[in-house]
Amino acid sequence: MEQSNLRRTLWVLFLGQAVSFSLALTSFSSSLVAALGADAPIAQSCFSYFGLALVYGSIFLHRRHKLQVAWYWYLLLGFIDVQGNYLVNKAYQFSSITSVTLLDCWTILWVIILTWLVLGTRYSILQLLGSAICVLGLALVLFSDAWVGGGAGGSRPLLGDTLVIGGTIFFALSNVGEEFCVKRRDRIEVVMMLGVFGLLVSLVESFVFERESIKSINWSVNIVLAIAGYTISIFSYYTLTPYVLKLSGATLFNLSILTSDMWAVLIRIFFYGQKVDWLYFLAFLIVTIGIVIYSANEQDFNANVPKINEGDEDSEYQLLDDDNTKVVENECVVP
């Protein structure tokens, strides 16, 4: 492997694990909110979307760029993302954290299908092998939970699992939509508009469906801190996600976040003093090997990105890529 490719692979792996760690913190904080009796999964996400809209909206306005994608596409993306967050956050009311981690496995299947059909992505045998190895690692985690009894829990686990599987479909659609946008458009714009329309959709839906639930919450310092932890962790998750999607794709992104369950194990060890089975560490190693195999054999995802029309200053802007060299990206507006 060439040195530049090795450096890129290591950088993508690092970013993927940063996203995975953020997702682990999101899972723990969301489950803590549910455990404290706050049943308002849509309203719970409002603060995160507000943070994205505020921070990245300020950057976008400072740049003074025009929108490169029609607003209604971002509205659709925001609606899809809110539904995915709702279903997964709601699942914590009925199922255990271990069951919710099935989200990672199911999302990969949907993403591979969608990227194949929608984006025209083609996967080599080694990439599919790497994907299969990652899923094997996750299967070891689930087996370990069942073996030591850690997977039990939840008032209505079947309903919780159904919500998670439904959430994976929305997350897969959201990931593929983000991948399409960030590889052809401005990453700052994508995150900003996702925050803006995610906030609008979640505010409307929480007002319609969760007014009574919000009123019934017995607010406490612990609930506020848990929601704050969720907001910060998911803000980090949405901030890092476009970079991973830009450098690789939705498939490698979802393979990387398979390790979020293993990061959750480390949190349980150091913060809760809980003991875990040795299979968790073996699973972490297997998933890492699978990610390395997939990333090392990754095809050039940016080969089909439209090129800029030279001389048209109104339709271009400058970004820094991972090699710290300036690249020019197209500013075609999606009809």
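The chain as shown is numbered from 1 upward.
Cβ coordinates are placed from backbone N, Cα and C, and glycine is handled just like the others.
Residues or ranges marked as transmembrane segment in TrEMBL: 12-36 (among others).
Residues or ranges marked as transmembrane segment by TrEMBL: 42-62 (among others). A Cβ distance under 8 Å defines the sequence-distant neighbours of the transmembrane segment (42-62), meaning residues of its chain 6+ beyond its ends; these are 30, 33, 78, 82, 85-86, 89, 188-189, 191-192, 194-196, 198-199, 202-203, 205-206, 209-210, 214, 227-228, 230-231, 234-235, 238-239.
Per TrEMBL, the feature transmembrane segment maps to 69-88 (among others). Within its own chain, the transmembrane segment (69-88) has Cβ neighbours under 8 Å at 30, 41-42, 45, 49, 100, 103, 163-164, 166-171, 173-174, 177-178, 181, 185, 189-190, 193-194, 196-198, 200-202, 205, 333-335, counting only residues six or more beyond its boundaries.
For 94-119 (among others), the entry in TrEMBL reads transmembrane segment.
Residues or ranges marked as transmembrane segment by TrEMBL: 126-146 (among others).
The transmembrane segment annotation in TrEMBL covers 158-176 (among others).
Same-chain residues lying 6 or more positions outside the transmembrane segment (188-209) and placing a CB less than 8 Å from one of its CB atoms are 40, 42-43, 45-46, 48-54, 56-57, 59-60, 63, 65, 67-69, 71, 74-75, 77-79, 81-82, 86, 178, 181-182, 238-239, 242. Feature annotation from TrEMBL assigns transmembrane segment to 188-209 (among others).
As annotated by TrEMBL, transmembrane segment applies to 221-240 (among others). Here the transmembrane segment (221-240) has Cβ contacts under 8 Å with residues 15, 18-19, 22-23, 25-26, 28-30, 32-33, 36-38, 44-45, 47-48, 51-52, 191, 194-195 of the same chain, all six or more residues outside its ends.
Annotation source TrEMBL lists transmembrane segment at 252-272 (among others).
Under the heading transmembrane segment, TrEMBL lists 278-297 (among others).
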